[in-house]
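I have placed the structure first, in the form of structure tokens, so that the comments after it can refer back to it.
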Amino acid sequence: MADQHGGYNVDEALLSVGFGKFQIFVCLYAGMGWISEAMEVMILSFIGPSVKSQWDLSANQETLLSVVVFSGMLLGAYMWGVISDRLGRRFVTSLAGFLSAFAWNYVVLLIARCLVGVGLGGGPVLFAWFLEFIPATNRGMWMIIFYSFWTVGTIFEVGLAWIIMPRLGWRWLVGLSALPSFGLLVFYPLTPESPRYLCLKGRKDDALRVMEKIAKLNKKELPPGVLLSDREIELQRQISKPEASATDSLSSAPRWKDSDLGVIETLRMLLSPRLIRSTILLWFIFFGNAFSYYGLVLLTTELNRKSHCNSNGTQSNNKSDAGVDYKNVFITTLAECPGLLISALLVDRIGRKISMATLFFICVVFVLPLVIHRSPLVTTILLFGARICITGTFSVASLMAPELYPTSVRSTGYGIANCMGRIGGMVCPFAAVKLMESCHQREALLLFVGVILVGLFSVLLIPYDTKGRELTESIASTKNEKHRQAV
């Protein structure tokens, strides 16, 4: 408690002020960015077939429209993560989506979509930023609720495409889908810096002002005493130990050694003996999640396309109609709602690891029958169930990843994990589109099952669960050691 070391840290302050108006404002702002990213990703399912038909593109050119977006997100996820860990959590996303609506040829469209991806790569920073304002109690539930903004974005995009595409075409859809990103720009001057980040950098006065603002808006009181960084608290504990010498206390730096890391040092820290296992496993988990999630999104359109494979093993050529069944796509997208609800109910009860492992396994159960069954009704039902599960695993993974890392490398570590997810998203269209269009449905679906199983085993190998753990400022922090050993 606070009085044990003559003050309080950020975790204790957040527990005292609770979840209130301030966090709601932060949630809504970060949620706008999450909605924007979801819409820009979901739009890939619709503009590809339409642009292919309009400009007479090949299957490879259609696939490249998705690949360049994920390539941009790959670059952006790492770039924004490093920037936020060095310069702060506040940032502005790209507004290049409008350029796509005015693209006059295929090359210009590719460039514009890549720039969109770079801006969307900052999504993990928004997630980590919001996470650092949430009290440890029920943090999992609130973060899953925040993840629902992604679901709102996907459902809204499908509904928008259902209305816009048959009447106005893909250009209007692309332009309207870029509107939510304007909200981030308008309200950016009002966004506060993370108090955890400020304490890490030694700016306790700034951190205290943010905490006082939170307490005022939430109509609560901060704990008695002064705000202390985790480093100061651990120094006090070291000094209070009988075996601690005066030389040790004097040589102890007031800030963590990893409080101001460069790009190379950050990468070394993520691959240090203490973090390398979690880092590598998170890469596999995010690759499997993204590959499976975006694969199911694209499979929803491909398996429900009005065009079909001919008896000779080739797909019928129907350029007059992109053939997307918006009704079935909308129905399967609604599956994300129960997926988030289930994960929110499980994550703070049975933990992050068991929740993800269970949902990964059930997802395999839903996907595997698609290798055999091809009727529209069965396909829609199975895809609905699979989307429930993969949405749940993705949301829990997005919660657990930043919890595993200290503040000093949180955005970069989470960003690089998302980079691995973007690679999964880049590889996925070759399975979901190219294999499906060449009538290799069985091979494509077996590939999805294999990737999901890799994600499942990676979850089981994560060294410890983050349920109930406080966020740490530095890799050297020991405040969670007892909890970790107990787990």
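Cβ coordinates are placed from backbone N, Cα and C, and glycine is handled just like the others.
Automatic, uncurated: that is what TrEMBL annotation is.
Given the structure is predicted, the values throughout are model-derived calculations rather than measurements.
Here's what TrEMBL has on this protein:
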type     : residues : note
DOMAIN   : 26-467   : domain 'Major facilitator superfamily (MFS) profile'
TRANSMEM : 22-43    : transmembrane segment
TRANSMEM : 64-83    : transmembrane segment
TRANSMEM : 103-130  : transmembrane segment
TRANSMEM : 142-164  : transmembrane segment
TRANSMEM : 170-191  : transmembrane segment
TRANSMEM : 275-296  : transmembrane segment
TRANSMEM : 329-347  : transmembrane segment
TRANSMEM : 354-372  : transmembrane segment
TRANSMEM : 378-401  : transmembrane segment
TRANSMEM : 444-464  : transmembrane segment
Outside the transmembrane segment (275-296), six or more residues from its ends: residues with CB under 8 Å to it: 41, 44, 66, 269, 332, 356, 360, 363, 367, 383, 386-387, 390-391, 393-394, 397, 401, 404-405, 409, 413, 416-418, 420-425, 427-429, 431-432, 448, 451-452, 454-456, 458-459, 461-463, 475
Best-contacting stretch, by C-beta pairs under 8 Å, relative to the transmembrane segment (142-164) and drawn from 170-191, 354-372, 378-401, 444-464: 378-401
Stretch contact, the transmembrane segment (378-401) with the transmembrane segment (329-347), Cβ-Cβ under 8 Å, 3+ pairs: yes
Winner by Cβ pairs under 8 Å against the transmembrane segment (22-43), considering only 170-191, 329-347, 354-372, 444-464: 170-191
Candidates 170-191, 354-372, 444-464; stretch with most C-beta pairs under 8 Å toward the transmembrane segment (329-347): 354-372
